[in-house]
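Working notes, structure below.
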Amino acid sequence: EEAIFLRRKITLLRAFSLLIGSMVGSGIFISPKGVLQNSGSVGFSLVVWFACGLLSMFGALSYAELGTRITKSGGHYIYILETLGPLPSFLFLWAEFFAIRPANSAVVSLAFGRYLLEPFFAPCAAPVPAVKLVSLLGYYMVLTLNSWSVTWSARLQTVLSVIKLLALALIIVPGMMLLAQGHTENFQDAFDRQSLVLDKLPLAFYAGMFAYSGWFQASFVREELVRPERNIPLAVIISVITVIVGYMLTNISYYTVLGTQDVLASPAVAVSFVQRAFKSLISVVPVLVALSCFGTMNGGIFTFSRTLFVASREGQWPPLFSMIHIRRHTPLPSVMLMFPLVTAMVCVGDIYHLLNFFSFSRWLFIGLATLGLIVHRHRHPELHSPFKVPLFVPVSFTVICLFTVAMSFYSDPVSISIGCAMVLSGFPVYYLVIHRQMSDRCRNLFYYLTHKLQLLLEVVQQEIKTY
């Protein structure tokens, strides 16, 4: 009875909540160990955290300009497609679907399961099978919600963003109180150069950037944003500044209460912090952290489903995934597609190996997307953009991203080589499936299966262009 299309339901507050909810997730509660381990000292780890925040701001500003220049949803994928062409955009899509996104979702869901179960098994570690079971249940709940309603997913993200900021405040306040009382012993010799290993720094940056990752999420839902030309830059600037300040204060609180060895030995830094500083909240903070991870899972599913939706619409993914449920107005096939891969990675994965595995591919393509902004400016100098950043911002971000990716081959050659092989495996697929036309027999079989699935899922093509 009404047109089927994705409605503009993401207001400025919801965009801010989406960004905060995507950035403040498992990262700040598990990455301090990875940053400290690879930077070597408290002082250098704080420098890495601030540098990652500054780098994230550069990337976020570049993406805000791309979001006002290119009016389609899809984030990295659509920016690479529109600026660098179909081959690199397909390689991104291939790596994102088979490596980056499922590994990222598995990391967050495993952190969710670990923190949720931690109070019940303290002082012992939670059993690994129980953690993985709870992780999968949490992921499936978010998957179901995103299949059911865009509005309820957005509302949940707003509520969980408030909970995330509350969780950070419960860590920051006691730490700052102890610091004000003169507890600075853990900051003695903060910049000890003897423990600094330069070839490990890219891995420290990967861990820090993982904690900040999410500043690009508004670009994935561009077509569903209210007044995107105004709200994308505003939401990006406010959210990234909020997170930088919050993360710096949180890490200072960690180091005020916990020593270097305590942070390195802890599988859940926030829980160890509460055990030492605020025993009365020992059962509260892990639950808040778990809810924070839950919000990050929600934001990730919400945005990545739009990438598959747009890629299908652009002809680089099966047409079924550009379809919308006739009553729910959600991209149901795109939402459900990640289900098997994330399940497999949660069952077999370890957080820190997964983190290094997907970080190489993620930052390679983010660097290419901001390189695309430079190319787009050069090709279309006549194009008016309502938001424009100085050229050194995308140039600096691109150079640092690509340099860190190159250096990471020396830091963790095994994980990075696997990530590189995953990207390169997309070449033959592109030339066999996308570049060449399928035979009539294959095409007819493909459309027959698509039609049957379309009837089963009750989905149809979008009827109104939103860009």
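For all residues, glycine too, the Cβ spot is worked out from N, Cα and C.
Heads up, TrEMBL stuff is auto-annotated, nobody curated it.
What TrEMBL says about this protein:
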TRANSMEM  12-30  transmembrane segment
TRANSMEM  42-64  transmembrane segment
TRANSMEM  76-100  transmembrane segment
TRANSMEM  120-142  transmembrane segment
TRANSMEM  162-183  transmembrane segment
TRANSMEM  203-221  transmembrane segment
TRANSMEM  233-257  transmembrane segment
TRANSMEM  277-297  transmembrane segment
TRANSMEM  332-354  transmembrane segment
TRANSMEM  360-377  transmembrane segment
TRANSMEM  389-410  transmembrane segment
TRANSMEM  416-434  transmembrane segment
Practice prompt. Return yes if the transmembrane segment (76-100) and the transmembrane segment (233-257) have at least 3 CB pairs under 8 Å (sequence gap of 6 or more), otherwise no.
Written response: no
Item to complete: Please indicate, using numbers and ranges, the residues of the same chain that are 6 or more beyond the transmembrane segment (203-221) and have a C-beta under 8 Å from a C-beta there.
Response: 10, 15, 18-19, 21-25, 27-28, 31, 33-35, 37-39, 44-45, 48-49, 51-53, 55-57, 59-60, 63, 66-67, 73-76, 79, 104, 107, 231-232, 235-236, 239-240, 243, 247, 296, 299, 302-304, 306-307, 355-356, 359, 362-363, 366, 404, 408, 411-412
Discussion item. Counting Cβ pairs closer than 8 Å, which of 12-30, 42-64, 389-410 has the most of them with the transmembrane segment (162-183)?
Written reply: 12-30
Worksheet item: Is the transmembrane segment (12-30) packed against any residues at least 6 beyond its ends, judged by a Cβ distance under 8 Å, and which are they?
Response: 107-108, 111-112, 115, 154, 157-158, 160-161, 164-165, 167-168, 210-215, 217-218, 221, 225-227, 230-232, 234-236, 238-240, 242-243, 246-247, 250, 268-270, 289, 292-293, 295-300, 302-303, 351
Worksheet item: Out of 42-64, 389-410, 416-434, which stretch touches the transmembrane segment (233-257) the most, going by CB pairs under 8 Å?
Response: 42-64
Item to complete: Sort out the residues at least 6 away from either end of the transmembrane segment (42-64), same chain, that have Cβ-Cβ distances under 8 Å to it, and list them.
Response: 32, 35-36, 75, 79, 186-187, 190-192, 196, 201, 204-205, 208-209, 211-213, 215-216, 218-219, 232-233, 236-237, 240-241, 243-244, 247-248, 251-252, 255, 260, 366, 369-370, 373, 387, 389, 393-394, 396-397, 400-401
